[in-house]
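Dropping a structure here in C-alpha cells format, bear with me for questions.
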Amino acid sequence: MGKRDNRVAYMNPIAMARSRGPIQSSGPTIQDYLNRPRPTWEEVKEQLEKKKKGSKALAEFEEKMNENWKKELEKHREKLLSGSESSSKKRQRKKKEKKKSGRYSSSSSSSDSSSSSSDSEDEDKKQGKRRRKKKNRSHKSSESSLSETESDSKDSLKKKKKSKDATEKEKEKTKKKKKHKKHSKKKKKKAASSSPDSP
C-alpha cells in the first residue's frame, strides 16, 4: 500500500489580497485623523483665560464666606477688647484702693516696724546665746567621748597583757611538772637497778 499525498500548494498572500481587490474599512483612517478640524490660537487663548478665572458661582461663594468670616472675627475681637478693658479697669481700682490703704497704714506700720526691729534684735541676741551654749555642749560631749574611747582602749590593753601573763605562767608550770616527772622516773630506775645488786 502506498502513502497518501498530504502536500498542499503554496499560495502567496500578497497576490491573493491583490486578486481580492480593495477592502472597505468601517472605521476612520489615518488620513481622517490628520485632516480633523483644529481650533485656532485665539480660541485656545480664550479657553485658557476661562480656566484661570474659574466659574462665577464659585467666586461669589468664596466672597460671601470671606465676608462672613471677617464679621465673626470683628465680633470676637470686640468681645476680647471689652473683656480686657473691664479687667484693666478692675486692676486700676484695686491699685488705687491699695494705695489709699497704704497711706493710712504707713503711720501704724512705722511704729510697728520700730517695735519689730527691737524684738528682732532681742531674738538675735537670744539665738546667739543659744548657739554658744550648743557649741560648748558639743565641745564637751566630744571631749568626753574622746576620753571614754581612750579609757576603753587602755582597759583593753591591760586585759590583753594580763591574759598573756596568765598563759605564760601556765606554760612554765607545765614545764616544771614535766621535769619533776622525768626526775622521779630516773630515781625509780636507779632504785630498781640497785636493789638486785645489794644482797
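Glycine too: its Cβ is placed from the backbone N, Cα and C atoms.
Small disclaimer: the values here were computed from a predicted structure and weren't measured.
Pulled these features from TrEMBL for this protein:
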REGION    19-38  region 'Disordered'
REGION    70-199  region 'Disordered'
COMPBIAS  70-80  compositional bias 'Basic and acidic residues'
COMPBIAS  89-102  compositional bias 'Basic residues'
COMPBIAS  103-118  compositional bias 'Low complexity'
COMPBIAS  127-139  compositional bias 'Basic residues'
COMPBIAS  164-173  compositional bias 'Basic and acidic residues'
COMPBIAS  174-191  compositional bias 'Basic residues'
With DSSP as the reference, give the number of residues of the compositional bias 'Basic and acidic residues' (164-173) in helix, strand and coil.
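Counting residues per DSSP class in the compositional bias 'Basic and acidic residues' (164-173), I get 10 helix, 0 strand, 0 coil.
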Please list the DSSP helix, strand and coil residue counts for the compositional bias 'Basic residues' (89-102).
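Here the numbers are 14 helix, 0 strand, 0 coil.
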